[in-house]
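If you look up TrEMBL, you'll see 58-115 marked as domain 'Acyl-coenzyme A oxidase N-terminal'. If you look up TrEMBL, you'll see THR122, GLY161 marked as FAD binding site. The domain 'Acyl-CoA oxidase C-alpha1' annotation in TrEMBL covers 251-412. For GLU397, the entry in TrEMBL reads active site, proton acceptor. Taken from TrEMBL, the feature domain 'Acyl-CoA oxidase C-terminal' applies to 451-629.
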Amino acid sequence: MNPDILRERQNATFDIEKLTNILDGGAERTNRRREIREVLVLNDPDFDYGTPTSLPTMILKLREYGISDPVEINWYKSMYWGTGREALGLHYVMFLPTLYTQCDSEQFNKWVPLIIGTYAQTEMGHGTHLRGLETTATFDPATQEFVMHSPTVTSIKWWPGGRNPLFLPLIFLSIPLSASLFDLFLSGFALPTCSGIVIGDIGPKFGFDAVDNGYLKLEHVRIPRENMLMKYAQVKPDGSYVKPLSSKLTYGTMVFIRSLIVGNAGIVLSQCCTIAIRYSAVRHQSEIRAGEAEPQILDYQTQQHKLFPLLATAYAFLFAGQYMIDTYNRISGDINQGDLSEMPELHALSAGLKAFTTWTANTGIEVCRMSCGGHGYSRSSALPDIYVEFTPSCTYEGENTVMMLQTARFLMKSYRQVQAGQQLSGAVSYLNKVHHRVMAPQAVSSQLDLNLNTLVDLYEIRAAMLVELAAQSIQQESARGKCQEDSWNNSTIDLVRASDAHCHYMVLKMFRDKVDQIEDPGVHSVMSTLAHLYAIHGMGNFTGDFLQAGVLTGAQVPSVSKCLKGLLAEVRPSAVLLVDAFDHHDKMLNSVLGRHDGNVYEAMFEWARSSPLNRTEVHESFHKHLKPLQAKL
Ligand SMILES: CCCCCCCC/C=C\CCCCCCCCCC(=O)SCCNC(=O)CCNC(=O)[C@H](O)C(C)(C)COP(=O)(O)OP(=O)(O)OC[C@H]1O[C@@H](n2cnc3c(N)ncnc32)[C@H](O)[C@@H]1OP(=O)(O)O
Ligand SMILES: Cc1cc2nc3c(=O)[nH]c(=O)nc-3n(C[C@H](O)[C@H](O)[C@H](O)COP(=O)(O)OP(=O)(O)OC[C@H]3O[C@@H](n4cnc5c(N)ncnc54)[C@H](O)[C@@H]3O)c2cc1C
C-alpha cells in the first residue's frame, strides 16, 4: 500500500461502510451488490475487460445465480455500462422497458423470449422532433397488415443502437402513425428482420464503440396488424383507431431512460473523483515552501477547488438518482393504473435532471482528467475512455437544451397558474411561496454561516426569480407584437437559465433531505459539509443570480469565497475516505491512477510494457515504412 494512501486512511472521522450502505440503500443491499460483483463479474471467467458481453450470456448468468430483483439486475447491468462492455446493453436499457411499457400482455409474452432487439426511433433527418419523423406505417385492411416504408433519405432510421439489427429477431420502430384515418400519434411496431429492409452500420463514432449504431431503410415492408404495440392504442381489424389516454404514453421508454441517466451521471462522476483524488494523494509535485519536500498535489488549494466540489456533486447526483428512480416508479405505477395526473411533472423532472446532471458530469470528467496532468491523458487513467463513453448522454435520450426547454414549458405553465391564483403541488410548489416572499439581504448572515435550510431557501428564491424573469421576457416579446411562438423563441436563453436554476435547487434540496435522514453522527457531519460545499460552490459560480434575487449583497460576496475555502480545508482530511465509500473495485475502475493501493508508478510501467507497441522487438511498421527508406539513404 502506498504510504501516502495509507496515511490518508488513518484517523477516519466517519464510518466508511455506513456511508457505502447509505449509497446502496442499506447494509443488506451492499452485501448483495458485492456478492453479485464478486460472483458474476470479478470471478467470472467469461468476464474479460473490454470484451463485449453478449446479452444471452448475461441472461443465463442472471438465471444461473437466481437474480430477478430489478434493482439487482440493474447493478449487474450497470457494472457493464460505460465500460466498453455494454454491447447489448441497449436491449436491456431500452428494448425490454419498451416491451414492458408499450406491449399488451399477449405481445409481451410472445416477444420477451426473443428479447434481443433495438429501439429504432431516430431518423437521419429527425432525432429531437418526434412529430417530424417521416417513416410511414399505413394500415391495409384487406390484408390486415401495416406497410412500413422509408419515403425519403432523411427518413432512414439512423442510430438504433446495440448489435446490428441484421442479427436481431425484432426491431422496435417508433413511428408516427400517420394516415387520413387518425391523428399523427407516435406508435411502436415490432419489426422482425425480414426481406425489404436495408440495414448497415453508420460508421465510426467519437466513442461508444461497444455499441454498433446502425441504419435501417424500409422498402414497403409488410408486418401483421398485431405487430403494432397495443398497450395504449389499437388499430382494429376494420381499421378503426382507439386513441391512447395520452399521446405521450408512447414516450414512456424515454422518460424511463432519462430517469436512469440521472443516477448514472452520479456513478460516472464518482468514478472520476475516485481516480483523481486517489492519484492526487500519491502524486508529489513542485513545492509549497522552498527547501521542503514536494507536497501531495491534493494539498494545493487549486487542486482541492477542482476536485472537492465535484466530489460533493457526485454524492448530490447519486442521491438525486435515487430520488428520480423512486419518483419514476411511483408515478409510472399510477400511470399503469390509468392515473396520468403526475405525468407532466415526471416528464419535466426527468427531462431537466437528465440535462442538468449530464452537462455537469460531462464537464466534471474533463476537470478530473486535467487535474491528473499528463497521466490523466493516458488511457491507463481510464479517464479518456470514461469521457468518450459518457459524453453522448448530453445528446441521446433527449438533447439537453431541448430537455431543459421541456422543463421550462412546465415551469411557465406553473407560473401562469400561480398568477391565476392557483395553489401548486409537487416540485414547483415553491413558486406559490416565493411569489409572495422575497428574503431581504439583511436576513442573510454577513458571515454566510448559513445552515443548509437557509441555503436551500436562497436557491429556491433564485430559481423563482429566474422563472419570473423568463415569463416576463415572453410577456415583453408579446407586448412588442411578437406571436406566441416567436415570443417563446426569443426568450429561450432565459428559459434554459430558469430550468437550470430549478434543477440546481431541486438537487440541493434532495441532498439536504438525504443528509437530514442520516443518523450516524460522523457520517452526518461529513455529508453536511459536502452539501454545504455543493451549495456555496454554486453560489460562487452564480453570484450574479443571488445578487439579482436580492438575497446576497455586494458586501457579502467576499464571504462566499472565504466560506468556500474553509469548506475545502474541512473536506481535505476525509477526501480519500469519501471516494473509498463509493466502493469502486479496481477491476471495474480499470485505472492505474485510481488503484485502491495507490501504487501508481509500478502499475503504470507494467501497463506501458504490456502495450501492443512493446510486444515485438521491432514493430512491423519499421520494416514496412522505415527500412525501405534506409536503403535509399
Ligand atoms: C449491459 C447492460 C447495460 C445497462 C446499464 C444500466 C444502467 C445504465 C444507466 C444509464 C445509462 C443509460 C444509457 C442509455 C443509452 C441510450 C442510447 C440512446 C437512445 C436514444 O437516444 S433513443 C431516442 C431518444 N430520442 C428522444 O429522446 C427524442 C427527444 N424528443 C422528444 O422527446 C419530443 O420530441 C419532445 C418532448 C422534445 C417534444 O415532443 P412533442 O410531441 O413535440 O411535444 P411538445 O409539442 O413539445 O409538447 C406537447 C405537450 O406534451 C408534453 N410532453 C412532451 N413529452 C412528454 C413526455 N415524455 N411525457 C409527458 N408529457 C410530455 C409537453 O410537456 C407538452 O405539454 P403541455 O402542452 O405543455 O402541457
Ligand atoms: C451514441 C448515440 C446513441 C444513440 N442511440 C440511439 C438509439 O439507440 N435509438 C434511437 O432512436 N436514437 C439513438 N440516438 C439518436 C439520439 O436520440 C438523437 O441524436 C438525439 O435525440 C438528438 O437528436 P438530433 O440528433 O436530431 O439532434 P438535433 O435536435 O438536430 O440537435 C442539433 C441542435 O439543434 C438544437 N435544437 C433542436 N431542436 C431545438 C429546439 N426545439 N429548440 C432549441 N434548440 C433545438 C439542439 O439543441 C442542438 O443544439 C443515439 C445518439 C447517439 C449520439
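Glycine is no exception: its Cβ is also placed from the backbone N, Cα and C atoms.
All features noted in TrEMBL, drawn onto the structure.
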residue : record                       : CB count, 10 Å
THR122  : FAD binding site             : 19
GLY161  : FAD binding site             : 27
GLU397  : active site, proton acceptor : 24
Tell me whether GLY161 (FAD binding site) sits in a helix, a strand or coil according to DSSP.
coil
Mind looking up the mean pLDDT for the domain 'Acyl-CoA oxidase C-alpha1' (251-412) in the predicted model?
97
Give me the Cα-Cα distance between GLY161 (FAD binding site) and GLU397 (active site, proton acceptor), rounded to a whole Å.
12
Do you know offhand how many angstrom separate THR122 (FAD binding site) and GLU397 (active site, proton acceptor) by C-alpha?
10
Reduced DSSP assignment, THR122 (FAD binding site):
coil
